[in-house]
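S.K.: Have a look at this one before I ask anything.
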Amino acid sequence: MSSRKPSNSRQQADEVTSSVATTAVTEQEASDLLTAEELHAEHEQRKEDQKGRIEATDRELLLHLLYQMVLIRRFEEKAAEAYSLGKIGGFCHLYIGQEAVAVGAISAIRPDDYVITSYRDHGHALAKGMSAEEIMAELYGKAGGCSAGKGGSMHLFDASVNFLGGHAIVGGQIPLATGIAFATKYRNEDKVTLCFFGEAAVNQGSFNESLNMAQLWKLPCVYICENNQYGMGTSLARAMSLQDIARKACAYGMASEFVDGMDVLAVREATLRAVERARTESLPTLLEVRTYRYMGHSMSDPGNYRTRAEIERYQQRDPIKLLSASMREKGLLDDETMKQIEQRVHEEIERAVRFAEESPLPAPEELYTDVYANPIKS
Ligand SMILES: Cc1ncc(C[n+]2csc(CCOP(=O)(O)OP(=O)(O)O)c2C)c(N)n1
Ligand SMILES: [Mg+2]
């Protein structure tokens, strides 16, 4: 197993400062499998790490983080079901397995801060406060959706909660985030921008251009790379010469951290540090958050490029299981409370599906609205 497995973000942050040659993950390392005993030992170690963080966190907040992760997981399971029934068309990229990243990071900002992300956006939209109803209706292509049914899964958007998309061009949101952070600074607004993107976007020129500018102009932006180790069917090891993404920040003189993306509290803490740097010093940060997606790249991906054993290995590190197990061991969660969380989530999802089913399709004349800011009159 790779020595870079994300069991402790502090330790990993230290490792980031060690040499490139010793920290890069090889394809061999990435495909190594742990034995059942090793997996169990790793899970126990992670729980110990997380329990230390739990002691410093308010129980209401812990329950809120757990609720949000369960909500995103069940929302997407329902979306997958609706997609299979033909109720959702077009592209649909699920976030299952990565919930701790959006939930942990967004819990570290204020409602008036901005979030922007890629097409794998359902989790971020929910965590930023968009309703499950308007998101599900958007997936269904209905008029009640957040983008009036014309954006679909990849183009969720709600300016009222400062969620600025949902972007389908890989790496396209990174310069947009830099621009948003520039605008807030220019207007003297005390706002931070969180920009989420996949690790494949790091190979795009827009990443380099944006981070260079953000550091040069001291912009309050947190760049959060969700390293789920695949860009469609291509593993990180086959596509990136230097796979230690956090280290790339040194090319811009920017602060960075490597974070365990399966531990929602580790993500929250690293983001809190980055947000503090953005607010008090107006400086950007690059976070490399190591995570894993359990499902295919999109609903049409059969996933032939990885083994079931590899997926199961990561499912052992499940962020929801980890938080609930740690909370139980600390006496902060019991069966009854967990049942209530699942029940509340179930009701919220049922309401969302009902809303989406009952919402009308967009009227045909809507084809001509929202195309140009100043429509040309015929
Ligand atoms: C500029 C551009 N090139 C290629 C694509 C096709 N494409 C869509 S998703 C994707 C992989 C991106 O992977 P990553 O950034 O790691 O995000 P993940 O899907 O893993 O969340 C590619 C190549 C695209 N949408 N935009
Ligand atoms: Mg990826």
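Using N, Cα and C of the backbone, Cβ positions are placed for all residues, glycine too.
Unlike curated entries, TrEMBL annotations are predicted automatically.
Here TrEMBL flags 1-15 as compositional bias 'Polar residues'. The compositional bias 'Low complexity' annotation in TrEMBL covers 16-26. According to TrEMBL, the compositional bias 'Basic and acidic residues' annotation covers 37-52. If you look up TrEMBL, you'll see 67-364 marked as domain 'Dehydrogenase E1 component'. Residues annotated as region 'Disordered' in TrEMBL: 1-52.
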S.K.: Taking only the residues in the domain 'Dehydrogenase E1 component' (67-364), give me the average pLDDT of this model.
M.R.: 97
S.K.: Please work out the helix, strand and coil residue numbers for the compositional bias 'Basic and acidic residues' (37-52) from the DSSP assignment.
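M.R.: Its residues divide into 16 helix, 0 strand, 0 coil.
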